[in-house]
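Asker: Grabbed the feature section from TrEMBL, which reads as follows:
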type     : residues           : note
ACT_SITE : A:TYR179           : active site, nucleophile
ACT_SITE : A:TYR179           : active site, O-(5'-phospho-DNA)-tyrosine intermediate
BINDING  : A:GLU265, A:ASP317 : Mg(2+) binding site
COMPBIAS : A:9-29             : compositional bias 'Low complexity'
DOMAIN   : A:150-211          : domain 'Spo11/DNA topoisomerase VI subunit A N-terminal'
DOMAIN   : A:215-251          : domain 'Type II DNA topoisomerase VI subunit A all-beta'
DOMAIN   : A:260-430          : domain 'Topoisomerase 6 subunit A/Spo11 TOPRIM'
REGION   : A:1-31             : region 'Disordered'
Protein chains: 2
Amino acid sequence: MSEKKRRAGASAAGAASSSKKPRASSAASYAESLRSKLRPDASILATLRSLASASASKSKAAARSLADHDPCADPASSYIVVADQDSTSVTSRINRLVLAAARSILSGRGFSFAVPSRAASNQVYLPDLDRIVLVRRESARPFANVATARKATITARVLSLVHAVLGRGIHVTKRDLFYTDVKLFGDQTQSDAVLDDVSCMLGCTRSSLHVVASEKGVVVGRLVFADDGDRIDCTRMGVGGKAIPPNVDRVSGIESDALFILLVEKDAAFMRLAEDRFYNRFPCIILTAKGQPDVATRLFLRRLKVELKLPVLALVDSDPYGLKILSVYMCGSKNMSYDSANLTTPDIKWLGVRPSDLDKYRVPEQCRLPMTDHDIKVGKELLEEDFVKQNEGWVKELETMLRTKQKAEIQALSSFGFQYLTEVYLPLKLQEQDWI
Amino acid sequence: MSEKKRRAGASAAGAASSSKKPRASSAASYAESLRSKLRPDASILATLRSLASASASKSKAAARSLADHDPCADPASSYIVVADQDSTSVTSRINRLVLAAARSILSGRGFSFAVPSRAASNQVYLPDLDRIVLVRRESARPFANVATARKATITARVLSLVHAVLGRGIHVTKRDLFYTDVKLFGDQTQSDAVLDDVSCMLGCTRSSLHVVASEKGVVVGRLVFADDGDRIDCTRMGVGGKAIPPNVDRVSGIESDALFILLVEKDAAFMRLAEDRFYNRFPCIILTAKGQPDVATRLFLRRLKVELKLPVLALVDSDPYGLKILSVYMCGSKNMSYDSANLTTPDIKWLGVRPSDLDKYRVPEQCRLPMTDHDIKVGKELLEEDFVKQNEGWVKELETMLRTKQKAEIQALSSFGFQYLTEVYLPLKLQEQDWI
């Protein structure tokens, strides 16, 4: 009855629309023809195992190169990369800073903070680290100066608040911090800006200061970890998944038998993958930030990548924003550059949906969308970005997008059936190692 | 050192700002004076237990009154309240509809759908049910009519797609549905609108059709449930909490020893409560939709309320939007009115932050914000809404807000200390039974 009804619907649709071709059936038969190309799962899994082991050995090499560049060890280093620090270390850094101020006051010279510049002109992309970092350039913020007295006071206050938060072993939001002294801070942009200053002064990430952003991300799949001591088994998180904790430093005991991490742009695709328990067929960890990645999700992905040394494959829309989202995961966003080393996951593979997929997988014309002028502008800007330029495959894909002036969402694959994504498209992509 | 530094910071701030009063210390001592008013937890728990048992007996009464009004039982009833139905029931409703169409075609009369009107003029608030519902008024959608042929076709197609989704036992998004036949649907507003029509035609909620919205909500606390068969213990979900599943029909086996449900507007407050494990001190279930409530969170809250018969206490910002969010949970939003019976949780108590709290709990002037003209406009509109008018306490609070022209966020309570919310404000509110 369902099939009969579907065909009745399709022919009725055919009569109503101007289409000549029997639309639905050709899409279904095309999906079937692709399905027949799929090799047994064991063969695809062998492919993924070699990818995973290659990623693990590559990670070791990357870890070495990062150690060579550790900037925190050397204050005379020419650039600043802030790093995760534990509470004890941050507290003693604050203590040292305040002790120095006290000595300075006792010696009759008043006190002053040395604040690194976070200006855009001070940001630089380091190809060997594949990250945006800050050039080391500090300005003095003396208390005994009309121009800086207020900012020096705010800085002292933020240092003291962070000290208190660390002492209590709790986490707070930027908004909480602002409300502790509204009269002094005036508005939240001021306490936020000083918080970033303090982050750079102490050489710690903002999450090391226990000031956290709200989380949006969710995770399911072959992953076990402890969230604040509670053991979380992400294969048993149903369809909803586990909310990614806002404070990644409370995450511990990460274990996994996954072969890769699947990073998904949107929650609709995440839901499909979770409901179909895709990770049971192809052992993987599936996570999404539901659009623009938030800090907590970026920190979490990085932790997974660093500890598990798994390859990361990305499933995003085939449009400039899909690529922009990848760039935020990989290189950080401009206004968080000082924190970039701890927020970025450099080596992400672009699995799909890529502009070349639209023809390769015959995404129907009517499921593609024309790019707007703004899309085209953003796409052209991306072509100029270092992180795109260094990957020839990405440049070609972006050029294809700009030439065809077409974009498509992950959801466009539903035109071949609701489960085409999990049953045909992704398995085939993995089988063909079709990532760049 | 921390304390010394804090005072140093405070006096430095005093010097820099024009404040005469020793700001920080007075706030801290006030918080301490409130803390001393707190009775032992056992006494507060006794209060909550009586609230919980009162809520349970009230729920029974409400359940009876709802049964009296079951509109699905009687198609001749004068209004439409769609209800949750299982897959088998929805499938057989579709079968009946299509069978009727087939018979009509065979008898030479073609086919036509009877579609309930969802127009605003057709929406009515039923005080005894405390919900917005639709007046029963149907229009014919014949296939053999140029004006309605296309819509009738789309309706047939959506019915067939829903039938297929139910047959496969999966869930899809509206966007997925649209992409299965872009050529026919044209744009997503058309398939969305017909989906709502189908919902009303079948007398089922949209979630019964297995078409789900994305979830934003998270939950922690004294709750155990199964998400798609996986047992979730929400006391062991760390600080991040469990993401509320998009498909509430996959939720089963709800168990709880909580005394109340704490509904929180924002994730920052949620994080504070989760990190402090507030539910261990006062057994409760804590949930948030992170702002404007999404359908999944509303469905989930209702399920909890119906199955556990617990009182629901709301913690929202003291501004018109806090109240608007309460209204969405309680009465539904206008554009989902036909689904309102299944999305709403009528009896929610307004715990805080209420306009009268600002003076009562001495929220510092500088932590309050002036209401904008738009805020005032929204506030005045709320005064005209039935759901506000029927609660005298709410009217008074809203009048206080409009008179003082001040609003405040939950975060404003941080001015008394980061943990003031969980350690003083909420325990005191619960002790005093200070909800309306």
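Cβ from N, Cα, C; glycine included.
Bear in mind that TrEMBL entries carry predicted annotations, made automatically and left uncurated.
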Asker: A:ASP317 (Mg(2+) binding site) has how many other Cβ neighbours within 10 Å of its own Cβ?
Answerer: 21
Asker: Could you give me the DSSP helix, strand and coil counts for the domain 'Spo11/DNA topoisomerase VI subunit A N-terminal' (A:150-211)?
Answerer: 47 helix, 4 strand, 11 coil
Asker: Using a Cβ cut-off of under 8 Å to chain B, which of the recorded positions A:TYR179, A:GLU265, A:ASP317 qualify?
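Answerer: Near chain B, the qualifying recorded positions are A:TYR179.
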Asker: Over the domain 'Spo11/DNA topoisomerase VI subunit A N-terminal' (A:150-211), what does the predicted model average in pLDDT?
Answerer: 90
Asker: Would you kindly give the Cα-Cα distance separating A:GLU265 (Mg(2+) binding site) and A:TYR179 (active site, nucleophile), rounded to the nearest Å?
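Answerer: For A:TYR179 (active site, nucleophile) versus A:GLU265 (Mg(2+) binding site), the Cα atoms are 34 Å apart.
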Asker: Would you mind listing, in sequence order, the residues at least six apart from A:GLU265 (Mg(2+) binding site) in the same chain with a Cβ closer than 8 Å to its Cβ?
Answerer: A:THR288, A:GLY291, A:ALA314, A:LEU315, A:VAL316, A:ASP317, A:GLY322, A:ILE325, A:ILE410
Asker: In the domain 'Type II DNA topoisomerase VI subunit A all-beta' (A:215-251), how many residues does DSSP put in helix, strand and coil?
Answerer: 6 helix, 15 strand, 16 coil
Asker: Within 10 Å of the Cβ of the residue listed as 'active site, nucleophile', how many other Cβ atoms can be counted across all chains shown?
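Answerer: Its Cβ shell of radius 10 Å holds 27 other Cβ atoms.
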